[in-house]
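Enquirer: Take a look at the following structure, please.
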Amino acid sequence: MRCQWVVCASFLVLLPLTVWSKPVISPSGPHIVVPKKGKLELSCHDNATASQLKWGNDRNRKLEIKVEEGGVASVRVSAVQAYHMGRYTCVNIITKEQSSIYVFVKDSENAFHRTMVNNILVRAGEDCVIPCLVTNPEITSLTLETCDRQPLPSGMSFHSNFERGIIINDTTEEYEGCYVCTAQLSGNKVTSSLYTVDVQLAPELPPVITLSQKDVIILKAGEQFELTCSSTNVNPEFSLKWDFPLTAHPNVSQTSHILPGSRGYKRSTSLLIATVKKSDSGTYRCHALNEKGSSDATLHLDVRSQGFIKMLGSPGPVQADVREGESFSLKVEFDAYPPPHSLSWSYNNKRLLNTTEHVITVHHRKYRYTSELRLVRVLGSEGGIYEFSANHEDASVAHLFHVYVNSKPVIVAHEGPVDGQVRCIAAGYPVPKISWYVCELPHTRCSLLPNATHWETTEVTILSESPFGRSEVESRLNVTKEHAQFHTLECVASTEGEEAYTLFSISERVVPHKLFTPLLTGMLATGAFLVLFLVVLLYKYMQKPKFQIQWKVIESINGNNYIYIDPLQLPYDIKWEFPRQKLRFGKTLGSGAFGKVVRATAYGLCSVDTVTTVAVKMLKPNAHSTEKEALMSELKVLSYLGNHVNIVNLLGACTVGGPILVITEYCCYGDLLNFLRRKRQSFLNSQVGDGYYRNISNQTEPTSRDVTGPGYMPMHPSEKERSSQSDEIDELSLDAEDLLSFSYQVAKGMEYITSKNCIHRDLAARNVLLTHGRVAKICDFGLARDITTDASYVLRGNARLPVKWMSPESIFDCIYTFESDVWSYGILLWEIFSL
């Protein structure tokens, strides 16, 4: 019996050991190595039935399981691939006991398992697994390097695992980058694929919310309401949502994007109500949530049926007292929507402007407006009613201020004794009280003496009275012979403790009042004579001939009506500027009342090393502003015309750092009029035969290669001049061919001037210059000619005009056209051929 109990006890002890033992995997060991495309066979058994065993792997791939007799579950793969590598586990689904084995798929070409995942996203603070799995357990020294072979980030720690790869501990933002796994195999270094690690930051605080509008929004019914709520987070794992009144039905939209140049995300959600109603009024709340908590932002919408203006403070007129000479401010504060169209201050119904005496300022913050009127050093006459008014299309409001200016009493006038009466006028606010005191002492304030006599008078007249400020009052006192014992009479004006006084000497002889004394009569006569003298001088000055620039630039033509451009309005290009220190002046070529033309030498006008003879037009020291404007106008007209072989071209100018200088071409033979007179005796009066022909239009035009500096036209001397600078006199004779050439050249020059919409108005032989080669150039001496002594210019009104050369319409109607220049050209032809 005892033996049976021992057998039963032994069976009970062995039974749990048999039932709860782990499954056994064959082949045994921690891992096995199978070559790529080789055959894999794994079997698992325990004392359970085969149906209770289940195979699985860490990649969750479906396995082909075969159940054999004797409770054995097998896994067979006929051609192993790289993806079959991993840990295989056999589990007893009843007892949950399990066993596992790791399978290496050995690849002779790849020491590391190739994976499709090369970008690894990990949250900051967590471990980062780089899945560089080895295919051969014989690999040693598995480690981590950066792709560019730079040192690993400071503080990085990691460990390796054949089944998982490289595990980086406690990932931080600085660990972001490109990494590669390396190892040693058979003495050689092997590397894995490249892996990019992106670290996703974790928020430390709840999200921060910003609203496009704050606190309170006031709108009129029918207007549009739009509100945007924005929030940022270090990662995209956060949300935004709205809470709004149940009666409101807004359109909600949402956008998200990555913040440029930073490691963050921004999310925005917008509410839109195209036309608001009063039922849309209420509180609108934006709610943001992330893993650290939530945040709220609210706004109250107030929808009104119409706009409003509401004054703050006392509704009635405000009384303000100020002393004369002091500065003080009137201030109003009000709420309004929509913004007022007009804000103004007025004084006694007259609108005030913003000046140094009345400084008006307006400030507003959302719907709250503040306006201030500062009165600087208030005058006694500035008391009164000041009004502030504001309005828009729905409402208007006004606020009154009653300003009382307290001013010290002053004696504004006093007179007497005249015909036995003295007169005293005082001003101040409140209205001053006038008292009279007499005493025997001369030039003494009687009111300060204990024995002074106080006189009362009922003759008090208010001359002017203001309820808010300074008023004037007059008091008269009759002085009789009974007062002869007294010497001094004092008028005292007093108000609120302030006094003003004036003294009268009543012991002096009473002088009857006369209006027109001899002294006054003499002064008036002298003044009248001086005024008459000044009027005559002004008339003479206005009749004095004024210089006028002859060039006229046309803006538009309507029939015979020409509209001219003011030459001062023409542009002036700074490229014409020439350093005045590079000019050396010589003899005067021509001189007028206010200007002159001087021969000069210009250094570096065309290029650095060139020396050019030029003509410089300038003003005399006695020139007035009108002459300065005329010379500047001529400079602008010449720059506007540009270069032509038959006009005196502009070479440069000096307009800054001194008087205005106009630099033009120098014409060595002078003007055509004197040239013809000099050649009159040597003129060859030969007939041009019918068979004779010459192309007089073949003039030498300036070429682009002659222009060596910006804005300048160089003057190249002739071959003869290069060898000898001494001959500036043309010794050749003159014939009819020369006269025809002069006529043609002037015509070409005028044709160019007309093409530039310009009228000369003073075309004559005296305004045509000649230079080497007998080239004719049109000019205008203008300021440099003394027209007061030139018989060619006749005084007409307040101007001297070249009447002989003017067309009839120019003489009688002051009309200047292109045709009037043609008339002058005809007179010029007469000058040329009549010699």
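Residue positions begin at 1 at the first shown residue.
For all residues, glycine too, the Cβ spot is worked out from N, Cα and C.
Taken from TrEMBL, the feature signal peptide applies to 1-21. Summarising the annotation, TrEMBL assigns domain 'Ig-like' to 23-90, 206-302, 315-398. Marked as Mg(2+) binding site by TrEMBL: TYR562, ASN767, ASP780. Positions annotated as compositional bias 'Polar residues' by TrEMBL: 695-706.
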Enquirer: Let me check the 10 A CB neighbour count of ASP780 (Mg(2+) binding site). How many other CB atoms are there?
Expert: 21
Enquirer: Translate the DSSP assignment of ASN767 (Mg(2+) binding site) into the three-state scheme.
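Expert: Where ASN767 (Mg(2+) binding site) sits, the three-state DSSP reduction gives helix.
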Enquirer: Summarise the model's confidence over the domain 'Ig-like' (315-398) as a mean pLDDT value.
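Expert: Here the mean pLDDT over the domain 'Ig-like' (315-398) amounts to 92.
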Enquirer: Can you count helix, strand and coil residues in the domain 'Ig-like' (23-90) using DSSP?
Expert: 6 helix, 34 strand, 28 coil
Enquirer: Inside 10 Å of the Cβ of ASN767 (Mg(2+) binding site), count up the other Cβ atoms and send me the figure.
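Expert: The Cβ of ASN767 (Mg(2+) binding site) has 25 Cβ neighbours within 10 Å.
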